[in-house]
Amino acid sequence: MNNKNNDKSIRKIETNGVEQIPDHERTAGPKDLFRLIFGGANTFATAVLGSFPVLFGLSFQAGVWAIVLGVLVGALILAPMGLFGPINGTNNAVSSGAHFGVHGRIVGSFLSLLTAIAFFSLSVWSSGDALVGGAKRLIGLPETDLTLGLAYGVFAILVLTVCIYGFRFMLWVNRIAVWAASLLFLLGIFAFAPAFDSHFAGTVAMGQTGFWAAFIGAALVAMSNPISFGAFLGDWSRYIPRETPKMRIMLAVVLAQIATLIPFLFGLATATIVAIKAPDYITANNYVGGLLAVAPTWFFLPVCLIAVIGGMSTGTTSLYGTGLDMSSVFPRLLSRVKATLLIGVMSIAFIFIGRFAANLVQSVSTFAVLIITCTTPWMVMMIIGLIVRRGFYCPDDLQVFTRGETGGRYWFSHGWNWRGLGAWIPSALVGLCFVNLPGQFVGPLGNLADGIDISLPVTLGLASVVYLTLLRVFPEPAAVYGPTVVARELAPVRPRSWSRLFWGRFAAQREQAPSPQQAPSPQQARSPQ
């Protein structure tokens, strides 16, 4: 996979893979990271998530608090994930190999795939519905399965095109999208202010049965938005120079998520109007249709523009990263372009099945819950690892899997670090058992707390405790903590056979290069604390 891409023109297809980005190509900054994050969330897809408090029966004020809580907590968890890209010059899934093993990083790839399908599908669906609905009100275009299907197809092709061209083109699109979509959303103040009632009561008030379940469920849905970026931040921050102050990077991440309150609150406020003027749409979980039904005629054109701009932004930020990472998992089978096309086709299939054969809102909401419960412990473990390692990583050893080699600091047990996997797997599974999203998904233990969704604190706490315990009881090799012991302990990196990817423990015992554990030193006895 070629990692040299000196031509920065947006008209050139990006050739960079997940290998370390050369220093001379790292020309992005925290502002660019802000634009990509905010641009990817400043869409109707986020407005749809903002409508969920009303769908759950909350009042406007309770909905605001649920959204703010979810966004802020998610932003604080997300912020450190922007540091791995500048440190290692690669994406977060590859960086996770330092804590899960160079083979165990497929956990991050799986989470990326889950996230991409959910949010790419949501962006195309919501944008396509808004575009067709707006065109119907503007020029009388019939809203049929054919017109909706054509809209979905056009959006998907546009998004795929941007992703194929790569990072520079995507950054250019988001530079435009951030300002354009924000201004169009703010126009909504003038469009909907006369009909808006901040005292909207909802159907479930504080003190009534089911209020806290609905409140926490709404906060969880809002939190899914920042959490969904966790696996992808490294795709963009890898172009930031490693010398960039870490606080500036984390501040850019947090501010970008705070800025997403614009589409979130737009969705919440307009959903309250729909609930009063066109309640049938709320009953049918059709927020976009209800928005078009209550919008003034002059706002239909901004709706169409937001649909086009926002759909492009969200779709590209979701699809680009997954195509990039999947090409690194199967480097001999998939180039970055081929992997992007494959994931795009899978997502399009989900879009059409979910729209024409199932309840897409139900599906996407369930996906959002799965993203939180599976991605949050992974992110927390990455952050704990960053702190425990004191920020030390060896970018070259992280690329062992991509280059088809074995050995290095992060080889652990045949490429798998059972400390990380042993903490993530039970944390994710137990978290899923405690999920309780009213009317959407209830796990086996979801009613244990009187209907309140406690999956997040359970999975966060369990992952933190188990991971730190495993690191203390079974210290990692000293080589992962710094360069001073590498010359004495680090096993040489050598080519490996692809047939031994999952069978190395049994098929390669006589050939395997010695790991750092086989060359003990006094430093290895220390605790990682």
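For all residues, glycine too, the Cβ spot is worked out from N, Cα and C.
TrEMBL entries are annotated by machine, without manual review.
In TrEMBL this protein carries:
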- 33-56: transmembrane segment (TRANSMEM)
- 62-85: transmembrane segment (TRANSMEM)
- 106-126: transmembrane segment (TRANSMEM)
- 146-167: transmembrane segment (TRANSMEM)
- 176-196: transmembrane segment (TRANSMEM)
- 211-237: transmembrane segment (TRANSMEM)
- 249-278: transmembrane segment (TRANSMEM)
- 298-320: transmembrane segment (TRANSMEM)
- 341-361: transmembrane segment (TRANSMEM)
- 367-388: transmembrane segment (TRANSMEM)
- 421-442: transmembrane segment (TRANSMEM)
- 454-474: transmembrane segment (TRANSMEM)
- 509-529: region 'Disordered' (REGION)
Fill in: Winner by Cβ pairs under 8 Å against the transmembrane segment (341-361), considering only 106-126, 146-167, 367-388, 454-474
106-126
Worksheet entry | Cβ pairs under 8 Å between the transmembrane segment (421-442) and the transmembrane segment (211-237), at least three | yes
Worksheet item: What else in the chain is close to the transmembrane segment (62-85), if you only count residues 6 or more beyond its ends and a Cβ gap under 8 Å?
Response: 33, 50, 53-54, 91-92, 95, 202, 206, 211, 215-216, 218-227, 229-230, 233-240, 246, 249-254, 257-258, 260-261, 264-265, 268, 272, 376, 379-380, 382-383, 386, 391, 393
Worksheet, complete the sentence: Long-range Cβ contacts under 8 Å made by the transmembrane segment (146-167), restricted to residues 6 or more beyond its ends, are 10-14, 16, 120, 123-125, 127-129, 131-132, 173, 235-236, 239, 311-312, 315-316, 319-320, 323, 336-337, 340-341, 344, 347-348, 351-352, 355-356
Worksheet item: Which listed stretch (106-126, 176-196, 454-474) has the most C-beta pairs under 8 A with the transmembrane segment (298-320)?
Response: 176-196
Worksheet item: Which bits of the chain, at least 6 residues beyond where the transmembrane segment (249-278) starts or stops, bring a Cβ under 8 A of a Cβ in it?
Response: 30-31, 33-34, 37-38, 41-44, 46-51, 53-55, 60, 63-64, 67-68, 71-72, 74-76, 78-83, 86, 181-182, 185-186, 188, 192, 195-197, 200, 202, 222, 225-226, 233, 237, 240, 287, 290-291, 293-294, 310
Practice prompt. Would you mind listing the long-range same-chain contacts of the transmembrane segment (176-196), meaning Cβ under 8 Å and 6+ residues beyond its ends?
Written response: 35, 38-39, 42-43, 47, 259, 262-263, 266, 269-270, 272-273, 276-277, 294-296, 298-299, 302, 305-306, 309-310, 312-313
